[in-house]
C-alpha cells in the first residue's frame, strides 16, 4: 500500500505541472484534493492563495489568508488582495506596520496604495527612494521612473505644491514617460512643451508597439490616452474644432478603456456647453457610472458630477440637477460648488429671493467660503441692494480674520467699489489703508504694490492730490520705469504744484509716432461710430442712389394650375354662399301645382312687348339704366314662406 507521504509527493508534482501550464482552474481543484487529506497543509494553502489571485478571486484569496494565517504571515499577498479590492487605507496601514525589513515589493505596494488614495506626498517620497536606489540599467528602472513622474503630475493636478527637489523634467525614454511628462507640463500651463511631448509619445507608442507585433486595433486603443490628452490641450488653447474632432475620433472606438471614454465624454460636453444637451446628458450619464468611482480621481469625479448638474439645469430638469449637485457633497465635502448649483436651480426658475435665502443659509454653514459669499453679493447687487452686499462681504472678512486672503487686491477692490457705490468714500480710504499697512508689514510684494496703486488712483479720483502724489512717488521708487505711476504722479502734482509737474514731464515715455492716426481721418470720424462718416454732395447722392442694390422680393407661391391670362375672381376670398354667382339647390316643388294655377305676369308678355299690368314702360327702362353693374346678380331664393314637410330619407348624414 502506498504511503501517505508518497501520495502527497505525487499530488504536489501534479500540482506543479498544472501551475506551470497556467491551468489554474484544474490546479485549484487539485489543491482542494490535497487539503481534503491534510486541511492544515501550509504549502497547499499558500498555493491556493496564489492560484485564487491568478484567477482574480481576490476576496476568496483574502479569506484563506485571514482564516489560516496569522497577521504577520503572507503580508504581501494579504496587502495585494486588499489593494485589488480598493481597500487602500488598509494596505497603507498593513505595509506601514510590517515593512520593518524594507522589502521592495511591500514598498511598491505601499506607494501604489498611496497613489490611489491620493496621498501623493507619501507616494513621491517612496518613489524617490526607489529611483535613487535602482540601477539605470535595471529592467525595472523605467517602470519606477514612470510612476515617479506620474505622481508629480497627479500632485499638481490635485492643486498641490510640488517640492523643489521634485522639479518637473522632460523624460522621453519611453512613450509612457513622455506622456506623463506632458501631463506635468499641462498642469503648470507649459502648453508648447506639453504638445511636443505628446507628439513624441504618440510616435514612440506607435513605433514600439508595432515592433512588438501589436495589431492596429490594439495600437489605436493604446494611443487613445495620448489623443484625449492632446485634445484637452487644444481645448485649453481655445481650439474647439480640433479638440472636438479628436474626442469624437476616440469615442468611435468601442474597445477603449471606460476611464478614457468617461474623460473624453465629459470634456466634449464641456465644449458643447448648452448646445446639444441631450447628447451631452447621455454621455455624462455613462461617465457617472459606479464602476468608475475607483478608477477616477476625486477631482475628476467632482468635475463630471458638476457638469452633469449643469446639463440637467440647461434641460430644465431641476430635480435631477439638485440630485447631481448633492452628489458632489458626497464626493468632496470640502467643495462649495454644490451650494452654488443648488442656488442656481432656484435662480433659473426666476426665484431670486429664494436663491438669496438659500445662499444666506449656506453662508451660515460655511462662514469662510469665498465662493458662497461672492455669489450672494452678486445676487444682492442684481437687486440693487448695495447695503446688503456690503454687509455680506464684511461678514466674510470678519470670519476669516487677519490673513492674506482678507487683503487680497481683488477682495479689497470689490469692497472699495461697494463703498463708493454707497457714497462712503471715507470707508473706502480706510479699507485701502488697512490693506496697505498689512502688506507693508509683510515686506515688498506684488500685492502691496497693487494695493498701493489702487489707493493712489482712488485718492486722485476723490481729489486728495497731495496724498495721491505721495503714493505714486512710492510706486516710482519701487519701479522707476512704471509709466502709469509717473503719469499719475504728474496728474496729482498738476493740481497743486504745476512747476513740479512740468519738471517731471520729461520722465514720461515718448509717444510712438508710428502708431498715431491720421488727423484728417480722425476729424471725419463721428464719436461712438467705428466707420468713418464722409460728407457727400448732391451729385454723389444721385450716384449712390443708382449704385445701391435693389432689394429682391421673394417670388409669390402660385398654385400649380395657375393661368396668368385668366383674371382672378375678385370674390375668391368670400364664402361660396356670399358670392354673387352662388346658386342654391333647386326646390323640387317649384313647378308643381294644378294646371290653372296663377303665374306672375299672367304667363304672357315675357318679352315686355305687351303691357297687360297697366304700368308705364318708362319706369322699367329708367330702373334698368340706373344700375351700372359689371356683372349680373341673381336673386337668392327665398328662405321664408310656407314650409313643406319632407319625407325622411335614408342614407348617410352630412
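In case you wondered, yes, glycine gets a Cβ from its N, Cα and C as well.
If you check TrEMBL, you get these features:
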| type | residues | note |
| --- | --- | --- |
| REPEAT | 449-482 | repeat 'TPR' |
| REGION | 533-654 | region 'Disordered' |
| COMPBIAS | 534-544 | compositional bias 'Basic and acidic residues' |
| DOMAIN | 536-584 | domain 'Signal recognition particle SRP72 subunit RNA-binding' |
| COMPBIAS | 547-557 | compositional bias 'Basic residues' |
| COMPBIAS | 569-581 | compositional bias 'Basic and acidic residues' |
| COMPBIAS | 599-608 | compositional bias 'Gly residues' |
| COMPBIAS | 609-632 | compositional bias 'Low complexity' |
| COMPBIAS | 633-643 | compositional bias 'Basic and acidic residues' |
| COMPBIAS | 644-654 | compositional bias 'Basic residues' |
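The average per-residue pLDDT of the prediction over the domain 'Signal recognition particle SRP72 subunit RNA-binding' (536-584) is 72, rounded to a whole number.
Counted with DSSP, the compositional bias 'Basic and acidic residues' (569-581) comes out as 3 helix, 0 strand, 10 coil. Helix, strand and coil counts under DSSP for the repeat 'TPR' (449-482) come to 27 helix, 0 strand, 7 coil.
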